[in-house]
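Swiss-Prot has this to say about the protein:
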{"type": "BINDING", "residues": "75-81, Arg104, 146-152, Gln244, Asp264", "note": "ATP binding site"}
{"type": "BINDING", "residues": "Gly77, Leu78, Ser79", "note": "phosphocholine binding site"}
{"type": "MOD_RES", "residues": "Ala2", "note": "N-acetylalanine"}
Amino acid sequence: MAAEATAVAGSGAVGGCLAKDGLQQSKCPDTTPKRRRASSLSRDAERRAYQWCREYLGGAWRRVQPEELRVYPVSGGLSNLLFRCSLPDHLPSVGEEPREVLLRLYGAILQGVDSLVLESVMFAILAERSLGPQLYGVFPEGRLEQYIPSRPLKTQELREPVLSAAIATKMAQFHGMEMPFTKEPHWLFGTMERYLKQIQDLPPTGLPEMNLLEMYSLKDEMGNLRKLLESTPSPVVFCHNDIQEGNILLLSEPENADSLMLVDFEYSSYNYRGFDIGNHFCEWVYDYTHEEWPFYKARPTDYPTQEQQLHFIRHYLAEAKKGETLSQEEQRKLEEDLLVEVSRYALASHFFWGLWSILQASMSTIEFGYLDYAQSRFQFYFQQKGQLTSVHSSS
């Protein structure tokens with residue numbers, strides 16, 4: 001989910017109030033003045049950016065004057081702040097140092113120091129395998145990465161058949177990797193349990209949105225979700241866990257026919273396959289590029305249809321099962337089972353990012369309607385859960 005963002009789950013309109021029992025929006029007083037997202041580097045951060053580039057990149061970066069360093073905000077994350085740092089044109093390169101880099105400054109740290117270390121190791125491994133940007137520097141506040149001429153996909157592009165097929169293939173390749181991390185799938189519920197505990201420990205704020213835990217009985221509901229997923233077979237693979245449009249780059253100068261690159265691996269871990277696919281389908285609904293509060297839109301009707309899901313699943317299986325010969329019956333069974341698996345794990349996506357967003361609201365300095373977003377995700381969770389129950393009851 002970590003991208004840029006606007007409105008709550010509804011018909012696509014921006015703003016409005018949420019009803020507790022559905023995704024419909026009702027008209028409510030415009031008590032929040034319109035404001036646009038601000039994204040700039042403070043004087044102190046500019047000074048530190050200059051120092052980091054000098055120390056970690058060397059070459060011409062050691063000769064650039066502070067006032068010559070070009071620093072531009074990059075549309076990026078709800079977890080991190082991203083900036084493009086460039087050398088001035090008149091300053092020649094000394095060696096092989098890059099002329100521009102991406103500076104990533106960590107936002108509110110929810111994973112802990114150990115997870116940041118693992119992410120840096122993971123980032124370096126993927127770079128060595130040419131599956132991600134190069135890593136130029138790591139420091140407590142963030143890191144310097146290769147700046148890749150590209151643009152992130154747009155939410156509406158996720159539904160384009162050619163791009164959807166390419167994303168499915170890319171995801172299957174990612175799932176096929178062997179990584180030097182624990183293969184036990186503790187990440188999903190381990191992280192959600194930690195988030196829930198942290199939320200319960202938050203001091204009272206008086207904000208009605210912070211009563212989401214009680215409103216939805218989230219502690220009990222997590223137990224219900226766990227039981228459902230324990231009865232849902234899903235292989236454990238190396239998952240990205242956040243394949244949304246902002247984390248999929250369309251390369252401007254691809255070195256081969258593969259024009260897409262996955263980025264932002266901070267949530268990657270061994271996890272259940274169904275979560276990665278279900279999470280991606282949920283992201284068809286959310287557009288994080290809106291420039292006014294609450295900086296996201298939600299269009300529940302954009303959730304992929306069964307036909308669109310099958311299109312994705314067939315291309316995923318074509319890559320994951322490459323070299324295997326399957327009968328038509330075996331292929332059909334795989335597709336049907338995966339549809340059920342993904343629809344159930346999509347619930348976990350809503351639950352995970354809903355908890356994440358409540359926590360972010362309490363600590364993040366990034367402008368985003370985190371509490372609105374949390375409520376949207378939980379409402380969508382209960383709507384989709386109800387649909388699953390209806391299908392099960394009628395079958």
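Note: Cβ is positioned from N, Cα and C throughout, glycine not excepted.
Among the binding-site residues Leu78, Leu81, the residue whose Cβ has the fewest other Cβ atoms within 10 Å is Leu81. Of all the Cβ atoms in the protein chains shown, 18 others lie within 10 Å of the Cβ of Ser150 (ATP binding site). Within the same chain, residues at least 6 positions away in sequence whose Cβ sits under 8 Å from that of Tyr147 (ATP binding site) are Arg84, Pro98, Glu100, Val101, Leu102, Pro133. Other Cβ atoms within 10 Å of the Cβ of Gln244 (ATP binding site), summed over all protein chains shown, number 24.
Summarising the environment of Ser79 (phosphocholine binding site), the number of other Cβ atoms within 10 Å of its Cβ, over all protein chains shown, is 23. In the three-state DSSP classification, Ser150 (ATP binding site) falls within a strand.
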